[in-house]
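Student: Please find one structure pasted underneath; my questions will follow.
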């Protein structure tokens, strides 16, 4: 799996898969991951398609006992470097995120995640649209 198999296109990752055969991340933290997609000749069973297959663990939203609101816990063991979930929300400009961030700060909660790998232009806002990741403890 170290090298791209026929039909796969992890070219942006120097022709190396980001995942091992168990779906665990194998590249250095901080590097972007480019998965195979509709532009590839490979199929849905390609090992370079992990995030797009969605959540594979049993997760549970729960009320914290210390008064900090809601949280998420797993109902099964998660192996190190495994994909758990993607952070889903509304894509907004960084300028809009600044405006909303001031409102959220006054409310005592924020669900903003900057997409700043290349440049700081967009932010994900999970306050009104998202998935279970909305409840992950951000501290």
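Including glycine, each Cβ sits where the backbone N, Cα and C put it.
This is the feature table in TrEMBL:
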type: BINDING; residues: 8; note: Zn(2+) 1 binding site
type: BINDING; residues: 9, 36, 40; note: Zn(2+) 2 binding site
type: BINDING; residues: 36, 42, 46; note: Zn(2+) 3 binding site
type: DOMAIN; residues: 4-54; note: domain 'Pre-SET'
type: DOMAIN; residues: 57-139; note: domain 'SET'
Student: What whole-number Å value do you get for the CA-CA distance of residue 36 (Zn(2+) 2 binding site) and residue 46 (Zn(2+) 3 binding site)?
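Tutor: A Cα-Cα distance of 8 Å.
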Student: Find, among the binding-site residues listed as 36, 40, 42, 46, the one whose Cβ has the highest number of other Cβ atoms within 10 Å in the structure shown.
Tutor: 36
Student: How far is it from residue 46 (Zn(2+) 3 binding site) to residue 40 (Zn(2+) 2 binding site), counting Cα to Cα, in Å?
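Tutor: Cα of residue 46 (Zn(2+) 3 binding site) to Cα of residue 40 (Zn(2+) 2 binding site) measures 10 Å after rounding.
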Student: Within the domain 'Pre-SET' (4-54), what mean pLDDT does the predicted structure show?
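Tutor: Within the domain 'Pre-SET' (4-54), the model's average pLDDT equals 79.
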Student: For the domain 'SET' (57-139), what are the DSSP-based totals of helix, strand and coil residues?
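Tutor: Grouping H, G, I as helix and E, B as strand yields 18 helix, 23 strand, 42 coil.
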